[in-house]
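Enquirer: Next up is a structure, given as C-alpha cells.
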Amino acid sequence: MLCRLASAGRFSAKLIAPLGCSVPRQKHTLPDLPYDYGALEPHINAEIMQLHHSKHHATYVNNLNVTEEKYKEALAKGDVTAQVSLQPALRFNGGGHINHTIFWTNLSPNGGGEPKGELLEAIKRDFGSFANFKEKLTAVSVGVQGSGWGWLGYNKEQGRLQIAACANQDPLQGTTGLIPLLGIDVWEHAYYLQYKNVRPDYLKAIWNVINWENVSSRYAASRK
C-alpha cells in the first residue's frame, strides 16, 4: 500500500537518487482549489467547500505526513510490527489525500451537462447511454453504506469503463486497480450542512458541477 501511495501521490519525492546519496522525502501539501469556495453555489455552498477543503482534506495531509515519518522510523528500525500497525493510517489518510485531490478537479463552476468526444462514446459503448451511466453511478453512490465514494474508473486491461464503490477513503486504483476518472464523495461532510441527511438530493445536485473536461483528460491519459 505504501508503494501504491507513493507512486500515486502528486507531491511525492523522486525515488531514484545517486548511489550513496539520500533524497529527503517531500512532505505532502494541501492543493489549492482551482476556484473560489463559493464558486459551486447553489449546488454546493461555500461553507461546505471551505470546511471540506481547509479542514478535512488538510487533516488527511497532516496525518499522512506524520504517519509516513513514523513508517520511515519503523523501516529504519526493522520494526515489522510497527509497520503493519501503521498500514490502516496510511490507507485512510493517503487515500483521503489522493481521493480529494482528484475530487476538486472533477468539479467546476462551468461544469454539468454531458461529456463530449471519446469519453461520451466510451460511456455509450459500456453503459448503453449517458442517461444509463448517470443513473447507475448515482445508484451505486447512494447505496454506499456510511462513508465512501462512488467512482467511474478505467479498466486498462479490459479497455473499458467501470463503476465502483469504495468504503471510507480507500483509493480506487490502490484497492481495485481501476484508474480513477470521476469520484463522488458521499461522506457525511460532503453534504450534511446543506443537504442534511438526504444523500439523493446531494447526488442530484452534484451533476450540475461535474467538470467533464477534466474527466475526459483523465480518460485520455489513462489509455496511453
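Positions of Cβ are set from backbone N, Cα and C atoms, glycine also.
TrEMBL labels come from automatic prediction, so no person has curated them.
Pulled these features from TrEMBL for this protein:
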| type | residues | note |
| --- | --- | --- |
| BINDING | H52, H100, D185, H189 | Mn(2+) binding site |
| DOMAIN | 27-108 | domain 'Manganese/iron superoxide dismutase N-terminal' |
| DOMAIN | 115-218 | domain 'Manganese/iron superoxide dismutase C-terminal' |
Enquirer: Can you list the residues of the same chain, besides H52, H100, D185, H189, whose Cβ falls within 8 Å of the Mn(2+) site's Cβ centroid?
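Expert: Apart from H52, H100, D185, H189, the close residues are H53, H56, H57, F103, W187, A190.
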Enquirer: Within 10 angstroms of the C-beta of H100 (Mn(2+) binding site), what count of other C-beta atoms is obtained when all protein chains are considered?
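Expert: Within a 10 Å radius of the Cβ of H100 (Mn(2+) binding site) lie 23 other Cβ atoms.
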Enquirer: Including all protein chains shown, what's the count of other C-beta atoms within 10 A of the C-beta of D185 (Mn(2+) binding site)?
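Expert: The answer is 25 other Cβ atoms.
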Enquirer: In the structure shown, which of the binding-site residues H52, H189 has the fewest Cβ neighbours within 10 Å?
Expert: H189
Enquirer: DSSP says what for the domain 'Manganese/iron superoxide dismutase N-terminal' (27-108): how many helix, strand, coil residues?
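Expert: Its residues divide into 58 helix, 1 strand, 23 coil.
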